[in-house]
Amino acid sequence: LSPMQSYLSISIEELPLPLKLLLYFIHFTEFLLIFTSVSLMIFAMKVLLNSAVFHIHLSVMFCIAFSVYTLSTIGRLILMLFELHLIDPDGGTEDPLLIRASFLRLYGIFYLIFGLFGFTGERACATYWCEDYERKTRWWIVPLISSVAFFGSFALSYSVLFDIMTWATLLIVAGVINLLGLVPFLLLFRYNRRKWAAMRNFEERETISLNGYELSKRFQLLENIRVSKLLYKMAIPLFFNYLLITAFYFSHLLCTIPYISHISLSLFDMWIALFATSVPLMGNALESSWRATVRRMTRGAKRVGVYTNKERPKEDARHNTNLYFAHLTQIWD
(Lines of atoms letter the chains of each structure in order from A and count residues from 1; the text may use other names and numbers.)
(Lines give C-alpha, C1' and ligand atoms only; values in the text may rest on other atoms or scores of the structure.)
Protein backbone atom coordinates (compact mmCIF):
# COMPACT_ATOMS: atom_id res chain seq x y z
CA LEU A 1 0.00 0.00 0.00
CA SER A 2 1.08 3.55 -0.69
CA PRO A 3 0.95 6.00 2.27
CA MET A 4 -2.27 7.56 0.92
CA GLN A 5 -3.94 4.17 0.42
CA SER A 6 -2.94 3.14 3.94
CA TYR A 7 -4.92 5.92 5.59
CA LEU A 8 -7.99 5.22 3.43
CA SER A 9 -7.79 1.43 3.64
CA ILE A 10 -10.53 0.87 6.22
CA SER A 11 -13.59 2.66 7.51
CA ILE A 12 -14.11 3.30 11.21
CA GLU A 13 -17.72 2.14 10.92
CA GLU A 14 -16.59 -1.31 9.76
CA LEU A 15 -14.56 -1.97 12.91
CA PRO A 16 -15.92 -3.93 15.87
CA LEU A 17 -16.72 -1.80 18.91
CA PRO A 18 -13.62 -2.80 21.00
CA LEU A 19 -11.27 -2.06 18.11
CA LYS A 20 -13.12 1.16 17.34
CA LEU A 21 -12.69 2.34 20.95
CA LEU A 22 -9.01 1.32 20.87
CA LEU A 23 -8.47 3.28 17.66
CA TYR A 24 -10.16 6.36 19.10
CA PHE A 25 -7.98 6.08 22.21
CA ILE A 26 -4.81 5.85 20.08
CA HIS A 27 -5.81 8.89 18.04
CA PHE A 28 -6.71 10.91 21.12
CA THR A 29 -3.36 10.01 22.76
CA GLU A 30 -1.51 10.93 19.57
CA PHE A 31 -3.37 14.24 19.38
CA LEU A 32 -2.25 15.13 22.93
CA LEU A 33 1.32 14.00 22.23
CA ILE A 34 1.49 16.10 19.05
CA PHE A 35 0.57 19.30 20.88
CA THR A 36 2.84 18.40 23.80
CA SER A 37 5.81 17.70 21.51
CA VAL A 38 5.29 20.90 19.50
CA SER A 39 5.05 22.96 22.70
CA LEU A 40 8.18 21.36 24.13
CA MET A 41 10.10 21.88 20.88
CA ILE A 42 9.15 25.55 20.67
CA PHE A 43 10.38 25.99 24.24
CA ALA A 44 13.51 23.93 23.45
CA MET A 45 14.31 26.28 20.55
CA LYS A 46 14.26 29.22 22.97
CA VAL A 47 16.54 27.29 25.34
CA LEU A 48 19.03 26.38 22.61
CA LEU A 49 19.22 29.93 21.24
CA ASN A 50 19.65 31.48 24.70
CA SER A 51 22.18 29.11 26.26
CA ALA A 52 25.54 27.46 25.66
CA VAL A 53 24.27 23.88 25.55
CA PHE A 54 25.61 23.50 22.01
CA HIS A 55 27.58 25.63 19.59
CA ILE A 56 25.39 28.08 17.70
CA HIS A 57 25.66 25.99 14.51
CA LEU A 58 24.42 22.85 16.25
CA SER A 59 21.68 24.80 18.05
CA VAL A 60 20.40 26.22 14.75
CA MET A 61 20.40 22.73 13.22
CA PHE A 62 18.31 21.41 16.12
CA CYS A 63 15.91 24.34 15.68
CA ILE A 64 15.57 23.59 11.96
CA ALA A 65 14.81 19.92 12.73
CA PHE A 66 12.21 20.94 15.32
CA SER A 67 10.61 23.33 12.80
CA VAL A 68 10.43 20.62 10.11
CA TYR A 69 8.74 18.27 12.58
CA THR A 70 6.24 21.00 13.53
CA LEU A 71 5.32 21.43 9.86
CA SER A 72 4.95 17.68 9.44
CA THR A 73 2.43 17.57 12.31
CA ILE A 74 0.13 19.76 10.20
CA GLY A 75 0.15 17.04 7.56
CA ARG A 76 -0.45 14.38 10.21
CA LEU A 77 -3.49 16.21 11.66
CA ILE A 78 -5.01 16.46 8.17
CA LEU A 79 -4.32 12.76 7.57
CA MET A 80 -5.99 11.98 10.87
CA LEU A 81 -9.16 13.66 9.61
CA PHE A 82 -9.03 11.50 6.47
CA GLU A 83 -8.34 8.38 8.53
CA LEU A 84 -11.36 9.02 10.77
CA HIS A 85 -13.39 9.82 7.62
CA LEU A 86 -14.23 13.28 8.90
CA ILE A 87 -13.06 14.49 5.47
CA ASP A 88 -14.03 12.56 2.37
CA PRO A 89 -11.29 12.49 -0.29
CA ASP A 90 -12.23 13.98 -3.63
CA GLY A 91 -11.16 11.38 -6.17
CA GLY A 92 -9.68 8.86 -3.72
CA THR A 93 -5.90 8.93 -3.57
CA GLU A 94 -5.81 11.68 -6.18
CA ASP A 95 -7.20 14.23 -3.73
CA PRO A 96 -4.79 17.25 -3.75
CA LEU A 97 -5.17 17.87 -0.01
CA LEU A 98 -4.43 14.21 0.75
CA ILE A 99 -1.33 14.28 -1.45
CA ARG A 100 0.02 17.47 0.16
CA ALA A 101 -0.66 16.20 3.68
CA SER A 102 1.04 12.86 2.92
CA PHE A 103 4.06 14.66 1.47
CA LEU A 104 4.39 16.90 4.56
CA ARG A 105 4.16 13.88 6.82
CA LEU A 106 6.74 11.87 4.91
CA TYR A 107 9.08 14.85 4.65
CA GLY A 108 9.16 15.29 8.43
CA ILE A 109 9.85 11.57 8.96
CA PHE A 110 12.59 11.33 6.34
CA TYR A 111 14.30 14.48 7.61
CA LEU A 112 15.05 12.56 10.82
CA ILE A 113 16.99 9.99 8.77
CA PHE A 114 19.55 12.68 7.92
CA GLY A 115 19.78 13.87 11.56
CA LEU A 116 22.88 11.92 12.61
CA PHE A 117 24.52 12.59 9.23
CA GLY A 118 24.05 16.35 9.68
CA PHE A 119 25.28 16.41 13.28
CA THR A 120 28.37 14.43 12.26
CA GLY A 121 29.09 16.98 9.52
CA GLU A 122 28.90 19.84 12.02
CA ARG A 123 31.17 18.02 14.50
CA ALA A 124 33.63 17.33 11.65
CA CYS A 125 33.80 21.10 11.01
CA ALA A 126 34.33 21.73 14.73
CA THR A 127 37.22 19.24 14.73
CA TYR A 128 38.84 20.56 11.56
CA TRP A 129 38.71 24.24 12.62
CA CYS A 130 39.50 23.45 16.23
CA GLU A 131 41.71 26.51 16.76
CA ASP A 132 39.12 29.21 16.07
CA TYR A 133 35.73 27.45 15.78
CA GLU A 134 34.35 29.30 18.82
CA ARG A 135 35.78 32.69 17.86
CA LYS A 136 34.97 32.67 14.15
CA THR A 137 31.40 31.92 13.11
CA ARG A 138 31.24 30.25 9.72
CA TRP A 139 27.59 30.77 8.81
CA TRP A 140 27.84 28.79 5.56
CA ILE A 141 28.18 25.50 7.49
CA VAL A 142 24.53 25.27 8.56
CA PRO A 143 23.00 26.06 5.11
CA LEU A 144 25.37 23.60 3.42
CA ILE A 145 24.60 20.71 5.77
CA SER A 146 20.88 21.50 5.98
CA SER A 147 20.53 21.69 2.20
CA VAL A 148 21.71 18.06 1.96
CA ALA A 149 18.99 17.05 4.43
CA PHE A 150 16.36 19.20 2.67
CA PHE A 151 16.99 17.83 -0.82
CA GLY A 152 17.52 14.27 0.43
CA SER A 153 14.22 14.31 2.34
CA PHE A 154 12.44 15.76 -0.69
CA ALA A 155 13.81 13.01 -2.95
CA LEU A 156 12.86 10.21 -0.53
CA SER A 157 9.38 11.63 0.11
CA TYR A 158 8.64 12.05 -3.59
CA SER A 159 9.99 8.58 -4.43
CA VAL A 160 7.90 6.81 -1.76
CA LEU A 161 4.75 8.87 -2.30
CA PHE A 162 4.58 8.13 -6.02
CA ASP A 163 5.84 4.51 -5.78
CA ILE A 164 9.20 5.21 -7.42
CA MET A 165 10.99 3.54 -4.49
CA THR A 166 9.79 0.51 -2.54
CA TRP A 167 9.87 0.40 1.25
CA ALA A 168 12.50 -2.35 1.18
CA THR A 169 14.78 -0.10 -0.90
CA LEU A 170 14.03 2.79 1.44
CA LEU A 171 15.11 0.68 4.42
CA ILE A 172 18.45 -0.03 2.74
CA VAL A 173 18.96 3.65 1.85
CA ALA A 174 18.10 4.74 5.42
CA GLY A 175 20.56 2.20 6.84
CA VAL A 176 23.35 3.41 4.55
CA ILE A 177 22.71 7.07 5.45
CA ASN A 178 22.77 6.31 9.17
CA LEU A 179 25.97 4.27 8.81
CA LEU A 180 27.58 7.20 6.95
CA GLY A 181 26.67 9.33 9.95
CA LEU A 182 27.42 6.88 12.77
CA VAL A 183 30.86 5.59 11.76
CA PRO A 184 32.48 9.04 11.20
CA PHE A 185 30.80 10.28 14.39
CA LEU A 186 32.47 7.54 16.46
CA LEU A 187 35.81 8.11 14.69
CA LEU A 188 35.67 11.85 15.42
CA PHE A 189 34.86 11.17 19.06
CA ARG A 190 37.82 8.79 19.33
CA TYR A 191 40.10 11.29 17.54
CA ASN A 192 39.22 14.15 19.90
CA ARG A 193 39.68 11.99 22.99
CA ARG A 194 43.12 10.86 21.80
CA LYS A 195 44.14 14.46 21.12
CA TRP A 196 43.01 15.53 24.56
CA ALA A 197 44.77 12.60 26.26
CA ALA A 198 47.98 13.35 24.35
CA MET A 199 47.84 17.01 25.32
CA ARG A 200 47.39 16.15 29.00
CA ASN A 201 50.27 13.67 28.93
CA PHE A 202 53.43 15.69 29.55
CA GLU A 203 55.75 13.01 28.14
CA GLU A 204 54.01 12.95 24.76
CA ARG A 205 53.78 16.70 24.25
CA GLU A 206 57.10 17.12 22.50
CA THR A 207 56.66 13.94 20.47
CA ILE A 208 53.30 14.98 19.03
CA SER A 209 54.20 18.71 19.00
CA LEU A 210 51.29 19.84 21.14
CA ASN A 211 53.25 22.48 23.07
CA GLY A 212 51.68 25.26 21.04
CA TYR A 213 48.09 24.44 21.96
CA GLU A 214 46.24 27.67 22.66
CA LEU A 215 43.59 28.08 25.31
CA SER A 216 40.83 28.25 22.70
CA LYS A 217 41.99 24.99 21.12
CA ARG A 218 42.01 23.24 24.47
CA PHE A 219 38.52 24.50 25.16
CA GLN A 220 37.27 23.37 21.74
CA LEU A 221 38.70 19.88 22.26
CA LEU A 222 36.85 19.57 25.56
CA GLU A 223 33.71 20.99 23.96
CA ASN A 224 33.90 18.47 21.10
CA ILE A 225 34.17 15.63 23.60
CA ARG A 226 31.32 16.97 25.78
CA VAL A 227 28.93 17.49 22.86
CA SER A 228 29.82 14.10 21.35
CA LYS A 229 29.07 12.39 24.65
CA LEU A 230 25.73 14.20 24.93
CA LEU A 231 24.73 13.33 21.35
CA TYR A 232 25.84 9.74 21.91
CA LYS A 233 23.66 9.43 25.04
CA MET A 234 20.71 10.85 23.12
CA ALA A 235 21.36 8.65 20.08
CA ILE A 236 21.06 5.34 21.94
CA PRO A 237 17.37 5.65 22.96
CA LEU A 238 16.59 7.38 19.65
CA PHE A 239 18.04 4.41 17.78
CA PHE A 240 15.80 1.93 19.62
CA ASN A 241 12.79 4.18 19.04
CA TYR A 242 13.68 4.25 15.35
CA LEU A 243 13.72 0.43 15.26
CA LEU A 244 10.36 0.27 17.02
CA ILE A 245 8.80 2.79 14.63
CA THR A 246 10.12 0.78 11.68
CA ALA A 247 8.69 -2.42 13.17
CA PHE A 248 5.24 -0.84 13.54
CA TYR A 249 5.14 0.26 9.92
CA PHE A 250 6.40 -3.02 8.48
CA SER A 251 3.88 -4.92 10.59
CA HIS A 252 1.25 -2.70 8.97
CA LEU A 253 2.57 -3.56 5.50
CA LEU A 254 3.01 -7.30 6.08
CA CYS A 255 0.00 -8.12 8.25
CA THR A 256 -2.81 -9.81 6.31
CA ILE A 257 -5.54 -8.99 8.89
CA PRO A 258 -6.93 -5.56 7.91
CA TYR A 259 -7.92 -4.48 11.43
CA ILE A 260 -4.55 -5.35 12.97
CA SER A 261 -2.75 -3.73 10.06
CA HIS A 262 -4.67 -0.49 10.53
CA ILE A 263 -4.01 -0.44 14.29
CA SER A 264 -0.28 -0.99 13.60
CA LEU A 265 -0.34 2.08 11.35
CA SER A 266 -2.02 4.12 14.11
CA LEU A 267 0.57 2.93 16.65
CA PHE A 268 3.29 3.91 14.17
CA ASP A 269 1.99 7.50 14.07
CA MET A 270 1.43 7.66 17.82
CA TRP A 271 4.94 6.43 18.56
CA ILE A 272 6.45 9.11 16.31
CA ALA A 273 4.67 11.74 18.42
CA LEU A 274 5.94 10.07 21.61
CA PHE A 275 9.43 9.90 20.12
CA ALA A 276 9.31 13.63 19.29
CA THR A 277 8.11 14.45 22.82
CA SER A 278 11.05 12.59 24.36
CA VAL A 279 13.78 14.51 22.49
CA PRO A 280 13.54 17.84 24.42
CA LEU A 281 12.99 15.92 27.67
CA MET A 282 16.19 13.92 27.10
CA GLY A 283 18.15 17.12 26.52
CA ASN A 284 16.83 18.49 29.79
CA ALA A 285 17.62 15.27 31.67
CA LEU A 286 21.14 14.78 30.30
CA GLU A 287 22.58 18.31 30.24
CA SER A 288 22.96 20.50 33.35
CA SER A 289 23.31 23.75 31.38
CA TRP A 290 19.99 22.98 29.67
CA ARG A 291 18.31 22.58 33.07
CA ALA A 292 19.90 25.79 34.34
CA THR A 293 18.58 27.71 31.35
CA VAL A 294 15.10 26.24 31.84
CA ARG A 295 15.11 27.31 35.50
CA ARG A 296 16.25 30.80 34.55
CA MET A 297 13.59 31.15 31.87
CA THR A 298 10.74 29.75 33.95
CA ARG A 299 11.47 31.38 37.30
CA GLY A 300 12.95 34.64 36.09
CA ALA A 301 15.61 36.72 37.80
CA LYS A 302 15.23 37.11 41.55
CA ARG A 303 15.66 40.53 43.05
CA VAL A 304 18.10 40.24 45.90
CA GLY A 305 18.70 43.87 46.77
CA VAL A 306 18.81 47.50 45.68
CA TYR A 307 22.12 48.91 44.54
CA THR A 308 23.06 52.49 43.95
CA ASN A 309 24.73 53.33 40.67
CA LYS A 310 28.21 54.46 41.60
CA GLU A 311 30.76 55.69 39.13
CA ARG A 312 33.37 53.00 38.71
CA PRO A 313 37.02 53.99 38.59
CA LYS A 314 38.59 53.97 35.15
CA GLU A 315 41.07 51.15 34.64
CA ASP A 316 43.32 50.04 31.83
CA ALA A 317 41.25 47.54 29.82
CA ARG A 318 44.30 46.02 28.13
CA HIS A 319 45.97 45.35 31.49
CA ASN A 320 42.82 43.65 32.84
CA THR A 321 42.49 41.51 29.71
CA ASN A 322 46.09 40.32 29.91
CA LEU A 323 45.68 39.60 33.62
CA TYR A 324 42.50 37.62 32.96
CA PHE A 325 44.08 35.38 30.34
CA ALA A 326 47.20 34.95 32.47
CA HIS A 327 45.01 33.57 35.26
CA LEU A 328 43.23 31.27 32.81
CA THR A 329 46.55 29.95 31.54
CA GLN A 330 47.67 29.20 35.11
CA ILE A 331 44.44 27.30 35.72
CA TRP A 332 44.90 25.20 32.59
CA ASP A 333 48.52 24.47 33.44
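Just so it is clear, glycine is given a Cβ too, placed from its N, Cα and C backbone atoms.
A quick note: this is a predicted structure, and the numbers were derived from the prediction, not measured.
Feature list (source: TrEMBL):
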{"type": "TRANSMEM", "residues": "21-44", "note": "transmembrane segment"}
{"type": "TRANSMEM", "residues": "56-82", "note": "transmembrane segment"}
{"type": "TRANSMEM", "residues": "102-119", "note": "transmembrane segment"}
{"type": "TRANSMEM", "residues": "139-161", "note": "transmembrane segment"}
{"type": "TRANSMEM", "residues": "167-189", "note": "transmembrane segment"}
{"type": "TRANSMEM", "residues": "230-250", "note": "transmembrane segment"}
{"type": "TRANSMEM", "residues": "270-290", "note": "transmembrane segment"}
Which sequence-distant residues neighbour the transmembrane segment (102-119)? Criterion: at least 6 residues beyond either end, Cβ under 8 Å.
3-4, 7, 58, 61, 65, 68-69, 71-76, 79, 145-146, 148-150, 152-154, 156-158, 160-161, 174, 177-178, 180-182, 185, 231, 235, 242, 272
Which residues of the chain, 6 or more past the ends of the transmembrane segment (270-290), have a CB below 8 A from one of its CBs?
26-27, 29-30, 33-34, 36-37, 40-41, 43-44, 47, 51-53, 69, 73, 76, 109, 230, 233-234, 237-238, 241-242, 244-245, 248
Take the transmembrane segment (230-250) and find every residue of the same chain, 6 or more past its ends, with a Cβ under 8 Å from one of its Cβ atoms.
112, 116, 119, 123, 167, 171, 185, 189, 264-265, 267-268, 271-272, 275, 278-279, 282-283, 286-287
Can you see whether the transmembrane segment (56-82) and the transmembrane segment (167-189) are touching - at least 3 CB pairs under 8 angstroms, only pairs 6 or more apart in sequence?
no
